[in-house]
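Novice: According to TrEMBL:
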- CYS48, CYS84, CYS118: [4Fe-4S] cluster 1 binding site (BINDING)
- CYS193, CYS197, CYS200: [4Fe-4S] cluster 2 binding site (BINDING)
- 39-155: domain 'MTTase N-terminal' (DOMAIN)
- 179-414: domain 'Radical SAM core' (DOMAIN)
- 417-480: domain 'TRAM' (DOMAIN)
Amino acid sequence: MSQQLFTLDYLDTPPTAAAGAEPAQDVRVSPATRTGRQRKLYIESYGCQMNFSDSEIVSSILFDEGFDTTEQLAEADLVLLNTCSIREKAEQTVRMRLSQINSHKKRNPGMLVGVLGCMAERLKSKFLEEEKLVDLVVGPDAYRDLPNLIREVDGGQKAVNVLLSRDETYADITPVRLNSNGITAFVSIMRGCDNMCSFCVVPFTRGRERSRDAHSIEQECRDLVAQGYKEVTLLGQNVDSYKWASEDGTEHVNFAQLLERVARISPELRVRFSTSHPKDITDEVLHTMGRYENICKYIHLPAQSGNSRILKLMNRTYDRPWYEERVQAIRRILGPECAISTDMIAGFCSETEEEHQDTLSLIDWVQYDMAYMFFYSERPGTLAARKLADDIPLDVKKRRLQEIIDLQQKSSAARNHQAVGKVHRVLVENFSKRSQEHLSGRNSQNQVVIFPKKHYKKGDYVNVFVHTGTGGSLLGDSVE
Ligand code: SAH
Ligand code: SF4
Ligand code: F3S
């Protein structure tokens, strides 16, 4: 995530975002692996980091079934879209993409097309009626069944498995890292969500919350370190409610303890996590962050609204004073340099102008480093769709969203400004997009820092003195 501001509803191909149900949100295409396997898989991922992480699990399952990945749609034997349902726009994007894929399929009738992920789960077999070209519909908990389902499709049938599970965590599957820079990786620590925020489709598409075996998480992180990775992001819709117990009941691990276990693997491994729920983030987590230099000082803490009545209607189970207290706890325990970001929804059911002003005043009070901002999009089947009227006109939603964006932009600029004149420890991830003579990386606060390459390379930690803060990133020079 960078310092840029995005409103995903405005963009066709949204940018890389944070997690859980969010963060991370561009379309990602599988890169090519060429190991001489017989069939070629092309996989595109939409939505949050959880989906990208799942695509890596799917690629691993299909690799064992004889599929290499390709980045060329035209040469694919199997095309999979890992889809998102979070807002209506997300689903429209997938439908548009399916119609483009249809024209490829006309030229290559042997190509199989499958839909995975949240939209598959939401629409189930309706997908096959609505989108005739789709051969395969597979929900997020049914990926182990993909080899069987593909065999059915090879036999000329359509195949669907959208069963949700109470215990599937894919703990034993080693993901095939897609689009990887070899430095940063996502690691899923839990699946599903039990929260039932009234606007949100995720509990319906991803099922009940379950935590992955702590040992398998540690092992995956250790393996990543052995392969040269320098940063892991622990993923879940609500990481603070991570809770795992060994079968014999002798071992219990909460999120703070998991964070500590991963941080202790190596001081050279940076640890990030997302998403934190304001009702669940504990002082224990904050103190653990404070004790380990390699746990990044960045917390994605989605508020959704600054007004207590709206938060109640959203079923977020905290009110504004509670949220403010959690922000104060972050500042108290980790100091002002810990970055905080948020998600905000404009124009939720019955939101008045005064209540919208409360969202603006919260942004002003917290001074977020970054935000993902959306206008409310009613999702079929959710509590809000069943119980509340979607009564804010679209033009009002968009105007309120714009006001939120404008204010947040000032706050991000102020945070960028504060970073100038200081030395930051930067983990180099890549060349700068604009120049091969510059490197790009992030500091602990997740701000993008660009500086002249000199003798440094990908994966190095470099101390960089920042001299300029631009809109999206910080510019600086390395110091020895
Ligand atoms: N689990 C995370 C985020 C889940 S979804 C959390 O609880 O914070 C990611 C973001 O999408 C949400 O934080 C919310 O801001 C946004 N979102 C979810 N449903 C939405 C809807 N129906 N309309 C608009 N935005 C929505
Ligand atoms: Fe959705 Fe709420 Fe769960 Fe986040 S915590 S995934 S917003 S239901
Ligand atoms: Fe993620 Fe979208 Fe599903 S945000 S959990 S892919 S609905």
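Cβ coordinates are placed from backbone N, Cα and C, and glycine is handled just like the others.
Where the annotation comes from TrEMBL, it is an automatic prediction and has not been curated.
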Novice: Cα-Cα separation of CYS193 ([4Fe-4S] cluster 2 binding site) and CYS84 ([4Fe-4S] cluster 1 binding site), in Å?
Specialist: 15
Novice: Measuring Cα to Cα, tell me the gap between CYS200 ([4Fe-4S] cluster 2 binding site) and CYS84 ([4Fe-4S] cluster 1 binding site) in whole angstrom.
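Specialist: Pair distance, Cα basis, whole Å: 12 Å.
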Novice: Any idea what the Cα distance is from CYS197 ([4Fe-4S] cluster 2 binding site) over to CYS118 ([4Fe-4S] cluster 1 binding site), rounded to a whole Å?
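Specialist: Here the two Cα atoms lie 16 Å apart.
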Novice: For the binding-site residues listed here (CYS48, CYS197, CYS200), tell me which residue's CB has the most neighbouring CB atoms inside 10 Å.
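Specialist: Its Cβ has the most other Cβ atoms within 10 Å: CYS48.
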Novice: Across all protein chains in the structure, which of the binding-site residues CYS84, CYS193 has the highest Cβ count within 10 Å?
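Specialist: Per the Cβ count within 10 Å, the most buried is CYS84.
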Novice: What does the DSSP secondary structure composition of the domain 'MTTase N-terminal' (39-155) look like, as residue counts for helix, strand and coil?
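Specialist: Counts, helix then strand then coil: 62 helix, 24 strand, 31 coil.
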Novice: Looking at Cβ-Cβ distances, which residues of the chain lie under 8 angstroms from CYS118 ([4Fe-4S] cluster 1 binding site) while being 6 or more apart from it?
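Specialist: Long-range Cβ contacts: GLY47, ASN51, THR83, CYS84, SER85, ILE86, PRO140, VAL201, VAL202, THR205, ARG206.
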Novice: What binding-site residues in CYS84, CYS118, CYS200 place CB under 6 Å from ligand 1?
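Specialist: Close enough to ligand 1 are CYS200.
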Novice: Filtering CYS48, CYS84, CYS118, CYS197, CYS200 (binding-site residues) by proximity to ligand 2: which pass a Cβ cutoff of under 6 Å to any of its atoms?
Specialist: CYS197, CYS200
